[in-house]
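Trainee: This structure is in structure tokens; I'll ask about it shortly.
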Amino acid sequence: MRRADEFTIATTPIASIDLMENAARAFVKSFVKDEFDTTKKIAIFCGKGNNGGDGLAIAHILIAKGYENIKVYIINFTKKQSDDFAINLQRITETQCDRFEINQVSDVKHIETDIIIDAILGSGLNKPLEGAYQDLAQLINGLNKKVYAVDVPTGFFAEGELPENYNGVKAFKAICFQRPKINFFFPESAHATEKFEVVEIGLDEDFIQNEASDFCLVEKRDIEQILKPRKLFTHKGTYGHALIVAGQPNTMGAALLSVSACLHTGAGLTTACIPQSGLTALNTSMPEVMALSRDEYTRIENPAKYQAIAIGPGLGVSTENEKLLESLIASEQPLVIDADALNILAERQDLMSKLTENTILTPHIKEFDRLFGEHKTWWHRVQTARQEAQKLKTIIVLKNQFTLICLPNGKVHINPTGNPAMAQGGMGDVLTGIIVGFIAQKYTPDEAVMMACFIHGQAGDFLAKRNYVVTAASVAKRISKEIKKIMDSIDK
Ligand SMILES: NC(=O)C1=CN([C@@H]2O[C@H](COP(=O)(O)OP(=O)(O)OC[C@H]3O[C@@H](n4cnc5c(N)ncnc54)[C@H](OP(=O)(O)O)[C@@H]3O)[C@@H](O)[C@H]2O)[C@@H](O)CC1
Ligand SMILES: Nc1ncnc2c1ncn2[C@@H]1O[C@H](COP(=O)(O)OP(=O)(O)O)[C@@H](O)[C@H]1O
């Protein structure tokens, strides 16, 4: 982002001070949506770098908008100041804004305010907070006010491993510039901010798109480019045959959820390989689905006849299932491996090197650590996922609030859809069903995974607008409508 900043300044007729003004305006636009009461007391804490420069620009824009009680506090812990900070300090001096210098932390104790805007340190943070900065952050947290952070909360590293005990400012919302910071996507960021919003500040978009970055956010337009319409004269054979090996007598639900998701994703034919005891449930709830009884078939005859095979939801860990997984891996079909099949793999590390190229592994955090070892931080976990995806030539779908899709080429696609209403058992089984449903329809494995994660989350987001909790079965049933919604938006 810093390079995009420099590029934009160098190649467009925009001065860095104007870019700072753009950033401040974008911050204010978002801020006033939440905080429209112009009589509230607002304290803006400004460091002396560009983050603080933003804070000063925000102050004069808010004053111009009629906010009556703005006070600016300059954090004077260092002599060094940035050029744009100095320009904005001069500008604010020419207004009626109340301005105070904080030379020591104790000066903050007497501040009375309703809202705090944190512009002390931003993306220029280059070491963990200590000394006066750390004490100041603790003091601000102790005031228990609603804190809006400019770009990032003070003390929060935009990327890289986050320190175990976060000691920075705890924000209610971070309003960050142009692109989300990678670390916002990891659960540890919840210590630093309750939420974040990204606002555009006019950086050169073509430059950002072309910058080599290993991380990218999946967007609706990516899905629009991949999705193919169902054409005239096509038939069930066109849309492939998916096999889902899942369920045991007490976890038949996992199999049914996965199969239902596959059906609603549009596979031409779906076969469920489940124990005999589940057949009645399957036939009653989904007569469209065919069955292979697993009591009879401990091996899958002719796996090549399926265009896509998933194994794992509710499968159970047993010697028979281990053999079944081993035989499917030996068939050299690319598989979708989930849940108990991942747990079997964790016990049989020798099978890992035998996985066919483009096999998809879909672990949640615990399954991931069972497979690849304990990790203390998400940053570290994601580095491992990237390395393993490259080494094994597999796709690793590391499931989370923001699911991270690690591809064999080292790229990580971050899925932005989904919400906590989806945090309920069975949701991952549905994701597996969607992935296998798309692969059956001849989408490439990385396309299938990207579409599946995005649409799974989008279905959950739609349902969460009207429900406190969203069940896995309701997400599975919603998939076809969400695909249609995207299809219709392409047609327009
Ligand atoms: N790029 C963009 O898209 C745009 C960015 N903009 C804004 O600029 C912000 C980045 O500004 P920035 O580079 O001036 O750094 P900032 O965060 O103000 O820090 C200042 C100085 O603090 C120091 N320091 C570091 N760690 C420390 C610590 N632990 N404890 C104490 N001191 C510490 C360090 O100085 P050093 O240690 O290197 O001498 C650092 O240089 C960004 O977040 C956004 O708000 C927008 O205006 C326009 C578009
Ligand atoms: N807070 C959340 N926000 C977004 N998605 C979530 C959230 N909690 C769970 N999910 C999604 O639900 C699924 C849960 O997967 P998993 O734990 O394997 O479920 P199960 O094994 O019960 O089927 C993942 O796709 C995950 O991304």
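Each residue, glycine too, has its Cβ placed from N, Cα and C.
TrEMBL labels come from automatic prediction, so no person has curated them.
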Trainee: Check TrEMBL: it lists A254, H364, D429 as binding (6S)-NADPHX. Then name which of G202, G314, G316 it lists for that same site.
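Mentor: The record-listed residue among the candidates is G314.
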Trainee: TrEMBL records K399, N400, Q401, F402, T403 as AMP-binding residues. Which of G410, G425, G426, G428 is assigned to the same site?
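Mentor: Same AMP site in TrEMBL: G428.
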Trainee: Other than K399, N400, Q401, F402, T403, G428 themselves, what residues in this chain have Cβ atoms within 8 Å of the centroid of the AMP site's Cβ atoms?
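Mentor: So the extra residues in range turn out to be H364, L398, L404, N415, G418, C453.
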Trainee: Limited to the domain 'YjeF N-terminal' (1-209), I'd like the whole-number average of pLDDT.
Mentor: 91
Trainee: T403 (AMP binding site) has how many other Cβ neighbours within 10 Å of its own Cβ?
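Mentor: For T403 (AMP binding site), the 10 Å Cβ neighbour count is 26.
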Trainee: Taking the Cα of H364 ((6S)-NADPHX binding site) as the centre, which of the binding-site residues listed as K399, N400, F402, T403, G428 lie within 10 Å of it?
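Mentor: Neighbours among binding-site residues, in sequence order: K399, N400, T403, G428.
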Trainee: Highest Cβ count within 10 Å among the binding-site residues H364, K399: which residue is it?
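Mentor: Counting every other Cβ within 10 Å of each candidate, the maximum falls on K399.
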Trainee: Of G314, N400, Q401, G428, the binding-site residues given in the record, which has the fewest other CB atoms within 10 A of its CB?
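Mentor: With the binding-site residues G314, N400, Q401, G428, fewest surrounding Cβ atoms within 10 Å: Q401.
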Trainee: Reported as an integer number of Å, what is the Cα distance between Q401 (AMP binding site) and D429 ((6S)-NADPHX binding site)?
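Mentor: Answer for this pair: 16 Å between alpha carbons.
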Trainee: Record lists A254, G314, H364, D429 as binding (6S)-NADPHX; longest Cα-Cα distance in Å?
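Mentor: Per the listed residues, the maximum Cα distance equals 15 Å.
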